[in-house]
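Undergrad: Supplied in C-alpha cells, the structure appears directly below.
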C-alpha cells in the first residue's frame, strides 16, 4: 500500500523534470513513444505555445487537445485552426504508426513535409491552408491505405508525380491553389469522387480517363495552359513531337527566301526601305533598265539558238551524242570562227546552269521543316491510316522518357490512337539519314505476335519519330509493381511462365531474322500488354542508332538489366546480352522485386531467395519454381559464351510447360 501511495508522486516528479527540460533524452526514454512524438512535434510547430501539451498538467496524453486513442495508441490527431506556427519537423509525428487521421489544416505551418512513410495506417491526411512548400511529398506515395489527401492552398511546386496512381484507394484528392506545373497524370483511381487541381500552373491536354471524365471544368479552372475535351478548350495546334515547329531560317527556304516570305506558293519580295525618295527612284530606274537588258539578251540567245539549230539540221554542225566530236567534226570545228564555236558552248553552259539551279532548288526544298515524308512500314504501306498533318494536329500525352527518347500517346482527329516516340536528336546524331532509313526499313518490317509493330517513321531536320500501335493495358512493369501494395504477393507462377514464354518468342524472332538485330534494351518497362494481355516487346533494335560512348547514366534498375560485358563499356549489345536481360526479367516476374534488388548467388541459393520473396513454403510448387529459377540463372551467367541462345531458352520453357501438364493430368496427384 505504501508503494501505491508514493507511485503517483514519483511519476509527477518525473513529468515535472521532463516539462522543465532537465535531461530530456533520459526521461523521454521512460515515456510512451506516442507522447514523445506529440511533444517533439509541439517543440517546432507551436512556436506561439497555443497547445497546452504539458506533462505537468495531465499525464494522460490521450486526453490532450485533438488527440484520440485506441488501446493506448493515438489513432486521430486533429489540430485544425488552432493557431500553430512553425515547421513540421521530421521524426516527430512519423512515430505514430497507428495514426488513421492527421489534420493540420488552417494553421501557419511552413517548410517542406517530412517523411511520413512510417504512417502505414494513415487513411486521411489534411494539410490544407498552410504555407507548406517544396515538391510533392514523395513519402505520401507509399501510404497505400490513404483515402483522403488534401494539401490545397499551400506553396507546393514542381510536377504532380504519375506515381500518385499507386494510391488506388483515394476517394478525395485536393491539390488546388498551389504552384504545381507540368502535365496532369492519367489518374485511374476508380473510387475518386472529389478532385480539384484549380489554381496551379498545369499545362497540356487533360487525359481523358474514366476517372477524370467524372469532373467538370470547375475542378481544373485557373490553369491557363490546360486544354482538352473535358474542359471544352481546344489545344494549340503546335505538335509536341518537335522542339519547335518554326525552325525555318533564310538559308533553309527555297531560293534563299525565308518561310515568312512565302504566301500560297508565291514568293513575296519585301520592299526595300530607304530614307530618301531620290535613292528609291534611282533603284527603280536601275532595276527597270537592267530588266530590259536581260530581256534583249534573252531574245538574242533565242535567235542564235534557232540559227545554230538550222545550221545543224543542214549538216553544218552536229555534236556526238556522247559529247565527243568525230575526227571530221574536229577538223571542221577548227576551221570555224570563234563566234560559231562559242554558240553551242554558251548554250550548253546555260542548260547546265538550269539543271544546277533545279538541283539546288530541290535540295533547298527538302530542308524546309515538315517536308519529310511519313513512311509507312510493312502492310501499313497500302493502308496509309493517317498523314503527317494529322499527327501534327493530334493531342498528345506524355507517357514517359526512355534511354533513346520521349514517348507520347497521340489521339488523332479521326479518333485513332497511336504511340509516338521522338528520338533524342543528340543521341542519334551519329546515324545518318540514309542509315536511319535503311535500318527502319528492316526493323519496320518485323511482324510477330509478341512485338509491338512499327507502323511508320519520319525524319526531317534532325527530328526523328517512330510510330507504334497504342497498347492501353500498360506495361509489364506496371503489372508487376503498379499500384499494388509492397506487401502483396508477386504474380502467380503460371502468369510468370506465360509472360516469360511470350517474351522469349519475341526475342527469338528478332534474333533469327538477322544476326545483326538485337533488342538491346530489354526490361519490364519496354514490354507492353496486348489486347489479350500477351506480352509484346517495344523499343526493340533502337540501340544501334545511338552513340553508346556518350550514353547517359542509367538508373540502377536499367543498369542491372545490362549484361556485365556492356555495363561499363561502349560495346554494342549482342544477342547474348538480350539473353542476360531475359534472365533478370524472370527473377523480376517471380519475386516482384526491382532488378537492382536481385542478389547474385548459386542456383540453389537463388531458389531459396525466390521462395522467400514469394512467401512460399518448401515443396509448394517447388519443382516448377526450381526449373524457372535454373533457367534464369543460366541466362544470367557472367560469361556470354556460356549463356544459352533464345532458341534453347524456349525449349527449356516448353519443358517446364510439359512438366506442368503431366502433373495436372496425373490422376494420382
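Each Cβ is built from the backbone N, Cα and C atoms, and glycine gets one as well.
Bear in mind that the values here come from a model prediction, so they are computed numbers and not experimental data.
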Undergrad: Which candidate in 246, 335, 594 appears in Swiss-Prot with the annotation N-linked glycosylation site?
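TA: When Swiss-Prot is consulted, N-linked glycosylation site appears for 594.
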Undergrad: If you look at how Swiss-Prot annotates this chain, which of 284-304, 305-325, 347-367 comes out as transmembrane segment?
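TA: Checking Swiss-Prot against the ranges 284-304, 305-325, 347-367, the transmembrane segment one is 284-304.
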Undergrad: Which one of 188, 201, 473 shows up in Swiss-Prot with the note N-linked glycosylation site?
TA: 473
Undergrad: May I ask you to name which of 198, 382, 596 Swiss-Prot has annotated as phosphoserine?
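TA: Going through 198, 382, 596 one by one, Swiss-Prot annotates 382 as phosphoserine.
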Undergrad: Note the Cβ centroid of 399, 400, 401, 402, 403, 404, 405, 406, 407, 421, the recorded ATP site, then list each other residue of that chain whose Cβ lies within 8 Å of it, in sequence.
TA: 422, 539
Undergrad: To the nearest whole angstrom, state the Cα distance for the pair residue 399 (ATP binding site) and residue 475 (phosphoserine).
TA: 11
Undergrad: Could you say which of the recorded positions 395, 403, 407, 569 has its Cβ with the most other Cβ atoms inside 10 Å?
TA: 395
Undergrad: Name the residues of the same chain, 6+ apart in sequence, whose Cβ is under 8 Å from the Cβ of residue 405 (ATP binding site)?
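TA: Spatial neighbours, sequence-distant, of residue 405 (ATP binding site): 421, 422, 423, 424, 427.
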